[in-house]
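> Below are the structure tokens for one structure; questions will follow.
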Amino acid sequence: EPAILETEDLDRQGMFMGGGVDPDTISLASVTAVTTNVSNKSKPDIKMEPSSGRPVDYQVSVTVIEARQLVGLNMDPMVCVEIGEDKKYTSMKESTNCPYYNEYFVFDFHVPPDVMFDKILKVSVVHSKNLLRSGTLVGSFKMDVGTIYSQPHQFYHKWALLSDPDDITAGCKGYVKCDIAVVAKGDTIKTPHKANESEEDDIDNLLLPEGVPAERQWARYYLKIYRAEGLPRMNTSIMANVKKAFIGENKDLVDPYVQVQFAGQKGKTSVQKSCYEPIWNEQIVFTEMFPPLCKRIKIQLRDSDKVNDVAIGTHFLDLRKISNDGDKFLPTLGPAWVNMYGSTRTYTLMDEYQELNDGLGEGVSFRARLLISLGMELLDTSSPEITSSTDVQMEGIPNISEIATGKVEEFFLFSSFLEATMVDRKIGDKPIHFEVTIYYGNENDGVVKPKTKGKKGDGDEEETELINNSSEEEMDDDGDLQSVATTPPMKPVITDNYFHLPYFERKPCIYIKSWWQDQRRRLYNANIIDNIADKLDGLNDVQEIIKTEKAYPERRLRGVLEELSQGCQFLSLANKDQSQSGRTKLDKERLKLCLSEVEAIGQQAKTMRSQVKKSTVRDKLKLAQNFLSKLRFLAEEPQHSVPDVFIWMISNGKRIAYARVPSKDILYSSIYEEKGKDCGKVKTIFLRIPGKKGFGPAGWTVQSKIEIYLWLGLSRQRKDYLSGLPNGFEENKLSRGPGLPASPPISLTYMKQIFQLRVHMYQARSLFAADSTGLSDPFARVFFSSQSQVTEVLAETLCPTWDQLLVFENVELFGEASELRDDPPIIVIELYDQDTGKADFMGRTFAKPVVKMADEHYGPPRFPPQLEYYQIYRGNCTAGEMLAAFELLQIGPNGKADLPPIDGPTDIDRGPILPVPLGIRPVLSKYRIEVLFWGLRDLKRVNLAQVDRPRVDIECAGKGVQSALISNYRKNPNFSTLVKWFEVDLPENELLHPPLNIRVVDCRAFGRYTLVGSHAVTTLRKFIYRGAEKQANNWSTTEIIVVSMDSEPSFKKVETVVKLDCGSDAVVKVEDDDKDGKGKKKKRKKGDEMEEEELDESMLDWWSKYFASIETLTEQVYPKELESDFGNFEDWLHSFNLYRGKAGDDDDQNVTDEDRIVGKFKGSLCMYKVSDDMPRDMNFDSNMGMFNNIPSNDPINVLVRIYVIRATDLHPADINGKADPYIAIKLGKTEIKDKENYISKQLNPLFGSFDVEATFPMDSTLTVSIYDWDLVGTDDLIGETKIDLENRFYSKHRATCGITRAYAHGYNVWRDPMKPTHILAKLCKDGKLDGPHYGPAGRVKVENRVFMAPTEIEDENLKKQTDEHLALTVLNHWEEIPRAGCKLVPEHVETRPLLHPDKPGIEQGRIEMWVDMFPKDMTAPGPALDISPRKPKFELRVIIWNTDEVVLEDDDIFTGEKSSDIFVRWLKGQQEDKQDTDVHYHSITGEGNFNWRFIYPFDYLMAEEKIVISKKESMFAWDETEYKIPARLNLQVWDADHFSADDFLAIELDLNRFPRGAKTPKQCTIEMVTNEGEMPMVSIFKQKRIKGWWPFVARNEDDEFELTGKVEAELHLLTGEEAEKSPVGDGRNEPEPLEKPRPDVALLWFLIPFKAVKRLVCDQYRWLTIKIVTALLLLAIFALFIYNMPGYMVKKMLGA
């Protein structure tokens, strides 16, 4: 990608170019679209190092906040968070279904991205876990880490829905509310704005990615695995012989099976013993929700072995590619073959590239292919026959027909090596040959054709019978054509720094026949879409045009969109040959999807084209880039056909380097749109080292660069295979017997074309620092074809200006003339650092020359070529930019006479070195550069000696200036002379300006100088002074502008908040009709009663204001550092970091740069063109140049007051997952460690304020760190943040003390010793402004702006007139003042990330703070604000009067009646605080009378609405830990069982907003809980006393709420003082006892059964009893009759 040039805002450019008029409005011509292909061919972007598979640092942080609606009785839940193998548990909460945790966990990983994103994050709730038992799982939720990362890295305050994996019919098992964030090194996470609580508490706010429906269904995923083929031969010759000796036969040495992983579950097929072509015919069934929150299914072919069970190959199925939620097709695939790639096929016992077989990194050879298909069905969980567990199952399936995957065809692959250069010298000069394989052609396997052709060899290839079915005449009649898969070995020849192979006239060729199912259609469709996507390559041009500020980027963008919308029509081709065998459901669905998507893109492009205006170019460019990524995604085909082609360089039998060419890129089709982009073309390929060895510096050297021609197609299309080759060759064939057709050529003999290459190397900038001084001695080496040349070496610089022309004579190129012109070979430029002995590699870039054929004219628009910036890469990191131009000129029949002459500047005599010629080198003009020298800061030691007498040298384009010497750095690090200047010749084009170098040297004894550090200012654009007349000065000084305050809603809103929240302290009168913001909210809360109530004054403190400002989003709380909103406070004083030492070789260079910083230079630059009529500004001071109005830089004493409010989400430092943080502050020599006041086991601690005295400039950097206190051993640093106070102090934004919104007293007091009127007067004086003039009726005028504001202030209930408000209003709107205006820093809190030097780039937490600075020479400021939160003490008294309609559970032993023994328990937060009433035994109607009082004292944080509890974590804990829990009252009705565990029903009331109790039990309904929105809500903190009936609810089997009881209670809240004055007893004790509910006898529980019987018999069931007794009597009589009858009968008969 081209070098990145900083652009200022584009509107300013408009003014440079055309006086600020929008060109779109001028001419119709400008609306034309430019469709010519200026596509930037000159900058091929080839990153050498493989980026996949390289481990990266990741941090996953999970906050478990609370759980709700957990299903189960009497549970003690805890939450387990598990990522991969790591598990962490929260603490256990006892007997509750809605536990509150607020616990924070951090997991650190160092793995490759693919591994990280496939890890499964699982949140599960377990209950009753203890040391002995593992607990029972309530429910779990899982999602892969990649899903979280692809959201903007996080989910915030979302509810995860738990389901039970063993019982899928059960539905929801509860919810867990959590925050999850995944960050890699260098990612930032936005802290989401804290929305109002009710929205977060809404359980509909589920933890799901966007676009996933909340109701997910269960589904079955069926992965069918049929068979595999092409497995690598595992038998090493020795092993095979040993086995043969023992067993007596030679069996296949592999026992393959397939293992599938999906959503954290594993399934595997059976093992097929000793089989290279295993057939399984099995399916693996997963049961998982749909859509699944796991993106990939991992299919791995493994070799089963007792000792060494290894992967043979791995394939990932990406569900996003085989399903679509838009057009609603469920995941489906195949039956189709998927190809697996991995390490080389040569078998060794220790495979050095084994990780490639596990799917890490890019595979370097074909391993096997697997025939699979995937289907899915949604389950209807209500149907009875469904098995409810989610375990993976394996079943057999019927065989698949042979032709299901398509008809087998013979494919032909031809390739010719035209050139092999840049072969790495390390390989040695043994003979080298190349091998090309497409699985066939592999040296080890011996390529064998399918059996039926009667081919010699053991015929162990696959698709045999299939070939019989195909009709004979299609087969090529080339009989027994043997494939040639390797080039003949050759000895390499030296080119400068590399070898090349002498393929001069004779170019070796290879050709391979192979047999595959004919699924070309899939590849054709991918090529069509790729082709459309390539139309968007022009977007790079548009970016380049914007970057280099050329005219009309919008025209080029229109052109690109035009081409795109035209290109989108070709997709209709994809509809051809529908009938083909082997088409799968996925093929059809994908075709539909692609057609509709591409058509949509075409339509959008069409409409967008007409909307592109100069002003919207950037946004439209973004949209167009989205099109590009969408098209590339559509082009990836999940069902493979022909495998990729691998090219290997083999030296002396050893495989050195490879390249992988996707088969679709070289696939032939007669239709241009379907043809692969490299088919039948000469392509430059760079070979790479395989596997992990290619990481790091080893992978940076080019192993070899080859120019290769490739063609792949069906054998029967073979007649065209040479047509793309450059003309002018003769084929050399193997002679075969007479009468046989000729075979393809084994080499080509070429006629050559001669060119001259001119390389114009002008300069480079921001190069890599390769020496320990932090500089380099760079030179460039240019490679083209088999030649190379070097520039001269320039010593000690990172920004060399070579200004040199390199001419390559007699370059021989082979190729089609027209193709060479449009797509010339690549030029490689490598930069080295000259050291004694050897040169160090510093980076590489690629370029393509502009080509002139002999018959073309040398002139515009293409010649002479323009200088362009090329991005230099070192590995995958950018390492500077190079400014150069390249031209390639064909030498015609007349020889060199026709070439354009080289006209360089003749005045320089540089010997043999030619300078860059005139038409190409930039035009120069004279500039003056003024430098402001302010001072040096934080200089580190150099060679163990401290820096004592530093000096700064500034150099630009060979000219420069030196600062004054600082005589004693430790005493005063500022310079005595502030401004110096020098003149220099620079290019007119600002983009070509050379960098400016700042170097600091230390003057040691005897005139020795040591380099301390250096800094290169790469772009001088922000320092160019554009005269005042250029600035858009649209203020005329005559008219008066009244600044009305209504236009600023946020201002108004804050005033309102102040009025509502700050009690009666100081109410600013703001006429405000709509009580927006808080006003409405309050009214809504109170429901019916509209009586306005005064907030209790004593309740308010600084925190109330802080939380109010977070809610109303006023700008007082910055979510990031303050600097970032105010341009680092570099409005006139800039800081330049000084670097020294070698740059790190880590792949992530911004890290190691931190360690290289050896100090800072503070100053500024200003440059402008020198012209004779230079307008002298009226206030132009000759000494100070352009830098006037600058304060003096003498030392100044300052009181620094640091308010550290709190830290959030600290990285846990102790084993228990918590930390014991305390603050350490360092400023200059002062260091404060607040170790005594550490805060136990807290990751979100609150701190306080600290005062430090400092002297600028010596103490200018403030470091605030948080350490973790440890009882034993040293304390660990958790993280730190650094603030440059000096820039803040001197900034025009006035960052010394924030300007409040209102002038007031109390906790909202004005903190600055200067009153607003003084500040305003000073600002006007410094800015040479007219004013301030205070007028009557609250008006004030500054320059030509008039501000209005109220002037009365209520102060301690006295009204007095003052101008302070007026002044303050002006200060709050200072940015509207002409010329001198800029935004002043308001009263604020900034949020700064805490970083740890060992884990660069990953936040370790955040800290909220602000800093006030007061100069000592002014009046002293007042005392510091108290920001410690007040915890007012409260006492809550709850009287339980009665319960009613409680659901009865127990069966009475005697009567079988339902009854319960009821008692009421209440919980406040923690289990330890439970209090129970006495028991009401054998309640039969569910009625219970208690008259029982609970008492609960607690500390309460008004502002956060949280209760604070301090308690020891465990008996071994050193000290108490503070917890914050929401103020919720939890009442439970229990059934007291003497023998079994108690059961309970519960209700939870949030004391801040709960429904008002009903007056009678009848009115108490379930709606009070389920339908909260419409109920009148009350807060106990306002009402103080409430009595009523509340319902108990529970969830029934269908997951709906049902009413399970009612309780009559009275809540009474008192403050701590009131409670002391009127004490009461708990239970029914003194003082103020409650009367007993009923006679004592009720409590003799053993009498109860008799009473119950009496009641039953006499009252309830009287008639039933009588009926039963009568029936019993009758029965007895009947029984007697039966018993006696036989005796009587006998007596009667015998007449006895």
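Even glycines carry a Cβ here, placed using N, Cα and C.
As listed in TrEMBL for this protein:
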type: DOMAIN; residues: 40-160; note: domain 'C2'
type: DOMAIN; residues: 202-332; note: domain 'C2'
type: REGION; residues: 449-480; note: region 'Disordered'
type: COMPBIAS; residues: 459-480; note: compositional bias 'Acidic residues'
type: DOMAIN; residues: 740-863; note: domain 'C2'
type: DOMAIN; residues: 910-1036; note: domain 'C2'
type: REGION; residues: 1071-1091; note: region 'Disordered'
type: DOMAIN; residues: 1181-1298; note: domain 'C2'
type: DOMAIN; residues: 1417-1565; note: domain 'C2'
type: TRANSMEM; residues: 1661-1683; note: transmembrane segment
> For the domain 'C2' (740-863) and the domain 'C2' (202-332), does the number of C-beta pairs under 8 Å, pairs 6 or more apart in sequence, reach 3 or more?
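No, the domain 'C2' (740-863) and the domain 'C2' (202-332) are not in contact.
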> Could you pull out which residues elsewhere in the chain have a CB under 8 Å from any CB of the transmembrane segment (1661-1683), counting only those six or more residues past its ends?
none
> Count, for each of 40-160, 202-332, 910-1036, the Cβ pairs lying under 8 Å from the domain 'C2' (1181-1298), and report the range with the highest count.
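By the under-8 Å Cβ criterion, the domain 'C2' (1181-1298) pairs most with 910-1036.
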> Counting each residue once, how many in the domain 'C2' (40-160) are helix, strand and coil under DSSP?
12 helix, 60 strand, 49 coil
> Counting by DSSP secondary structure, give me helix, strand and coil numbers for the domain 'C2' (202-332).
11 helix, 56 strand, 64 coil
> Compute the average pLDDT of the predicted model within the domain 'C2' (740-863).
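A mean pLDDT of 85 is what the model gives the domain 'C2' (740-863).
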> Per DSSP, what is the helix/strand/coil residue tally across the domain 'C2' (740-863)?
6 helix, 61 strand, 57 coil
> By DSSP, how many residues in the domain 'C2' (910-1036) are helix, how many strand, and how many coil?
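Secondary-structure breakdown of the domain 'C2' (910-1036): 9 helix, 56 strand, 62 coil.
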